[in-house]
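Feature list (source: TrEMBL):
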REPEAT    9-50  repeat 'WD'
REPEAT    51-82  repeat 'WD'
REPEAT    93-134  repeat 'WD'
REPEAT    135-176  repeat 'WD'
REPEAT    177-218  repeat 'WD'
REPEAT    225-259  repeat 'WD'
REPEAT    260-292  repeat 'WD'
Amino acid sequence: EDPSLERHFKGHRDAITSVDFSLNKKQLASGSMDSCLMIWSMRPQMRAYRFVGHKDAVMCVQFSPSGHLVASGSRDKTVRLWVPSVKGESTVFKAHTATVRSVHFSSDGQSLVTASDDKTVKVWTVHRQKFLFSLSQHINWVRCARFSPDGRLIASASDDKTVKLWDKTSRECIHSFCEHGGFVNHVDFHPSGTCIAAAGTDNTVKVWDVRMNRLLQHYQGNAVVNSLSFHPSGNYLVSASNDSTLKILDLLEGRLLYTLHGHQGPATCVAFSRAGDLFASGGSDEQVMVWKTNFDAADYGDVLKTQKSGASVDRTHHTLQSEMDCGVHLKKTKTQDSSRNQEQQEEEMSLANTLEHIMGQLDVLTQTVSILEQRLTLTEDKLKECLENQQKIIQNKTS
């Protein structure tokens, strides 16, 4: 079956810049040039939230891994953290001196990496909401920055036509990929963490191995590529282009699988859901579209089930035209004791749900503390002002 359009969200008043699914697929976040962040419910007849707070275009949005926070970056030079259900409570991070183009959580949800037109990549702690450090070797705007799945590396893409790979611990640039003929709009890590894909204004998508630092695959398109997203199985990649198309690439075969036409005008952003059964796209036409993936469903359904249940896995490597061994393919093997497995699975699920809940509560607490701190600071400032005024009055009387 081919990918098919599932839902259509209208509500933004300008071009969409960014889309992201929450972990449980119940919500979809979108950012737009209209300065708003929208949270759409994937359940029918549920209302959408419009979050207002940024003073200028919202360039990027992302759900935290637990789904209890949403980060956004804006042309107003700030990063905001939102609770996606409470009406519009948000805290502000300020350290960039120009447009923030990209926000990305580490997979443990503890850190945030941001990229900006001030030519820097910055790393923050989420819960203490503190700026940690800057990476500043790009010599032009930084369009995108991403953590590797294990959180040890950061990849950044820039208008200086390079993709840089950084070691988070040493904060050093360990490699620059310079094979792009134009600005690099987007970069992301393969789920295995062994390679990265980058999209550029030279109409290409390139895939590099980050262990050997060599080009694995090169896809030539007909228009500027604005965004890309790896399927969780690691076998596919979806891209969004200025020619209004979304393209699905089969990484194992090294070929184009589908070209999808849905948007009028440039397709600006695209993202797979965490389970891979859906993907969302946004465009200059102010529309957010949700697509059913459909392809290879049995195959990646098995892959994901196997990964979740911890059943024994038989790993077989596939070789690509250039030995791209990123796409580790998992086959499901029958387990003898399926009832015991079922119980174990249920226990794991309930444990996961409990942890999820605790993380959620923590996020909300962090948020509350942060808002209280902001109010406290305001009160302190007011108090200081009052005291200063009193001093002035006293001085005037005595003089």
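Placed from the backbone N, Cα and C atoms, the Cβ positions cover glycine too.
Whatever TrEMBL says is automated annotation, not expert-curated.
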- [ ] By DSSP assignment, list the helix, strand and coil residue numbers for the repeat 'WD' (51-82), in that order.
- [x] 0 helix, 18 strand, 14 coil
Task: Interface present between the repeat 'WD' (225-259) and the repeat 'WD' (9-50) (three or more C-beta pairs under 8 A) - done: no
TODO: Would you mind listing the long-range same-chain contacts of the repeat 'WD' (93-134), meaning Cβ under 8 Å and 6+ residues beyond its ends?
DONE: 59-66, 69, 71-75, 77-81, 140-147, 149-151, 154, 156-158, 166, 168, 171, 359, 362, 366, 370
Task: Helix, strand and coil residues within the repeat 'WD' (260-292) as assigned by DSSP - done: 0 helix, 20 strand, 13 coil
